[in-house]
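Enquirer: One structure, as structure tokens, below. Some questions next.
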There are 2 protein chains.
Amino acid sequence: MSPAEASRPIGVFDSGVGGLTVVRALMERLPLESIVYFGDTARVPYGVKSVATIEHFTAQITDFLLQRDVKMLIIACNTMAAVAAEVVHRLARGIPVLDVIEAGARAAVSTSTGRRIGVIGTPTTINSNAYARRMHELDPSVRVYSQACPLFVPLVEEGWLDHPVTRLTAQEYLRPVLAEEVDSLVLGCTHYPLLKPLLRDVAGAGVRLIDSAVTTAELAAQRLQQEGLTRQGGAAADYRFVVSDVPLRFQTIGERFLGRSLGQVEKVDW
Amino acid sequence: MSPAEASRPIGVFDSGVGGLTVVRALMERLPLESIVYFGDTARVPYGVKSVATIEHFTAQITDFLLQRDVKMLIIACNTMAAVAAEVVHRLARGIPVLDVIEAGARAAVSTSTGRRIGVIGTPTTINSNAYARRMHELDPSVRVYSQACPLFVPLVEEGWLDHPVTRLTAQEYLRPVLAEEVDSLVLGCTHYPLLKPLLRDVAGAGVRLIDSAVTTAELAAQRLQQEGLTRQGGAAADYRFVVSDVPLRFQTIGERFLGRSLGQVEKVDW
């Protein structure tokens, strides 16, 4: 591959701001890579929508990022990865496609010592059974225990990251999963890394938390290497943030996820 | 007005299922009236979107209901009423337009004994200041204390209507408003009527709860009467439910709001 091809950006997308946790992990793991991020803030959240609607929105975003000449596509939204990954692969014209479910499932299976793995996510992700299916393909001996946690996203967006309400909610959601004595717990939603300290407390020291933002960045690094697409140097990496709406509190919430300033945000009208 | 004109349906719309609490109140107050309901379930929630986006979506829904030949339009969504009521009035071609904020503000001002009124709602509704503005127009002597409660919608949709997490959340949200010794509390979101028993408990017996679903149905009855549009009899009322998506758990959640079976639901593709 030529340096020009390697200097193209990585395209990362999500239904809203949650995927910025993946961007943050990518910036840390691959500081030379440019990134163009798309967040569908006008239509968020996807986790409560039908499969047909999610497929339609996903195709539209994929086309948009392909027009931006990306060298890799990362589905940083568990809901889209769970129900519409096929759509992205079909449209990608040979460009590598990664997603948070593939990354999280691989990491969980390769590090779980007791073969008992918990998964938490939005109702759509959990009902799709995508994590359990992928983990069973990778290792048929694992037992997977899943739990939908619909209140975690609004609690994170409220900023109640360490609040008695969030703790009580986490205790209630995690109770059935912890009763199965899981050794690992996959955070199957890009909002959940912000709850890591609280979830570590509630789950206890015996449970390893799998942060799919971190595992996705790791998988991206491997895949770029394999394809000879790793950028080797040159000008500073370029970061672009594109959204379909700039809602109230967007800057505050976005920067909480990204862990730094967003800079200028571009808005598209659909 | 001819009986044919009076037999046209009332058009009620919301960003999702919440407006079904208004439909429920209308069915009870005006059992002879037919209703066509539109819920924008593909793009819910509006409460976190920008004004420009909400105006655009509102215009699209208004056009759709006008094509269904409605005799009255009811904005059963506090967010749309707060930031996009003008759009509906402009497009309505003389058809009466009512909204939940107008109804709630009127009811609060006319029944408040101490002139100290609390309002709770989504962040967009509260930040718009629409309730406070309308109440001050109706009576400049009232003092209005507002509080955004972003977690109430997801808590209602989770079905935690009487749950320790919801109680703790309500105590936290209502604390500053109750400290102002309000005598009335406007439930400024169509999801909140489902929390009435819990909110009555948290607020205490000294605070009168204003349910804007009930007050909207009352205002609709008065307005139909004034305009000579009240339907007098004939075949049973016809109820139509139209949505932009049929998401997971839609039937369950919808029927919780409506208090009865939804029957057949029609989906439009936009």
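Cβ atoms are placed via backbone N, Cα and C, with glycine included.
In TrEMBL, annotation is done automatically, which means it is predicted and not curated.
As annotated by TrEMBL, substrate binding site applies to A:ASP14, A:SER15, A:TYR46, A:GLY47, A:ASN78, A:THR79, A:THR190, A:HIS191. The active site, proton donor/acceptor annotation in TrEMBL covers A:CYS77, A:CYS189.
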Enquirer: Between A:HIS191 (substrate binding site) and A:CYS77 (active site, proton donor/acceptor), what C-alpha distance do you get in Å?
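Expert: Between the alpha carbons of A:HIS191 (substrate binding site) and A:CYS77 (active site, proton donor/acceptor) there are 10 Å.
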Enquirer: In sequence order, which residues at least six apart in the same chain have a CB under 8 Å from the CB of A:SER15 (substrate binding site)?
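Expert: The list for A:SER15 (substrate binding site) reads A:GLY39, A:ASP40, A:ARG43, A:VAL44, A:PRO45, A:TYR46, A:GLY47, A:PHE57, A:CYS77, A:THR79, A:MET80, given in order along the sequence.
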Enquirer: If you take the centroid of the Cβ atoms of A:ASP14, A:SER15, A:TYR46, A:GLY47, A:ASN78, A:THR79, A:THR190, A:HIS191, the listed substrate site, which other residues of that chain have their Cβ within 8 Å of it?
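Expert: Along the chain, the qualifying residues are A:GLY16, A:GLY18, A:GLY19, A:VAL44, A:PRO45, A:CYS77, A:MET80, A:THR122, A:THR125, A:VAL153, A:CYS189.
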Enquirer: How many other Cβ atoms are found within 10 Å of the Cβ atom of A:ASN78 (substrate binding site), counting all protein chains shown?
Expert: 35
Enquirer: Taking the Cα atoms as reference points, how far is A:CYS189 (active site, proton donor/acceptor) from A:ASN78 (substrate binding site) in Å?
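Expert: Roughly 6 Å, rounded to the nearest whole number.
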Enquirer: So what sits near A:ASP14 (substrate binding site) in its own chain, CB-to-CB under 8 Å and at least six residues off in sequence?
Expert: A:LEU20, A:VAL22, A:TYR37, A:PHE38, A:GLY39, A:ASP40, A:ALA76, A:CYS77, A:MET80, A:THR190
